[in-house]
Amino acid sequence: MKFKAIVIDIDGTITCENRELHLGAVKKIRILKVPVVLATGNILCYARTASKLIGLDGAVIAENGGAVTVRYDLNGTFEESLEECEKAFSFLSEYFKLTKLDPFYRKTEIALRRDFNLEKARTLLETQPFDVEMVDTKYAVHIKSTRINKGSGLRKLAEIMGLEAEDFVAIGDSENDIEMFEAAGFGIAVANGDERIKEAANYVTEASYGDGAVEAIEFLESNGWI
């Protein structure tokens, strides 16, 4: 079994607990001989900046799969519009005081501060015809299209790169990484990940956050899989 690339989440996976990039994980990623794609629920410019700081080529999946790009000098490909998300936001605003995060930069989804009852909001949303869902990344709650996720983003990016999604190992920590694990050939959850992502993983590290990412890569190397 040999994999051709790695797709890895940012926050909670290659960061410290305080969200700073984990220097050990960055160093490990820089010396890899396979392509590394960053995948995040955050905005495209954030993902590109992280890719640049780490020393990668700029291949990123942003906005939970809604935006992808393979190089810094190319415009991002956006897979959905905000129309349905805005309808859902307006509906939920009748019941909760919601605060948007990065509203001027997000093109395919709405991110909200995590200061409202998410389960109640999900229940209310189920009564409506909107083709959206709410995903908690532990850093924000995202209102996004049901057709878009990190898995669909990975398949799109893999196609552009001339690869299959199954050629990738996926590494992550949150429920928004589940579809990415399902699309990839192998999934690794870091120890601080939530229970749903651990259940979806093929392997769970003993270490957390960036230390877990280092452990994941060393596990792959020790098995000769990358």
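The backbone N, Cα and C atoms fix where each Cβ goes, glycine too.
The active site, nucleophile feature in Swiss-Prot is assigned to D9. For D9 (active site, nucleophile), the number of other Cβ atoms no farther than 10 Å from its own Cβ, over all displayed protein chains, is 28.
Secondary structure at D9 (active site, nucleophile), taken from DSSP and collapsed to helix, strand or coil, is strand. Here Swiss-Prot flags D9, D11, D173, D177 as Mg(2+) binding site, drawing on sequence analysis.
Cβ neighbours within 10 Å of K150 (substrate binding site), excluding its own Cβ and spanning all shown chains: 31. The annotation substrate binding site is assigned in Swiss-Prot to K150 on the grounds of sequence analysis.
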Alpha-carbon distance [D177 (Mg(2+) binding site); K150 (substrate binding site)] in Å: 6
Assigned conformation of K150 (substrate binding site) - DSSP reduced to three states: helix
When neighbour density is defined as the number of other C-beta atoms within 10 angstroms of a residue's C-beta, which of the binding-site residues D11, D173, D177 has the lowest density? D11
Hey, for the Mg(2+) site built from D9, D11, D173, D177, who else sits with CB inside 8 A of the CB center? I10, G12, T13, A39, T40, T137, G172, S174, N176, V190, G193, I197
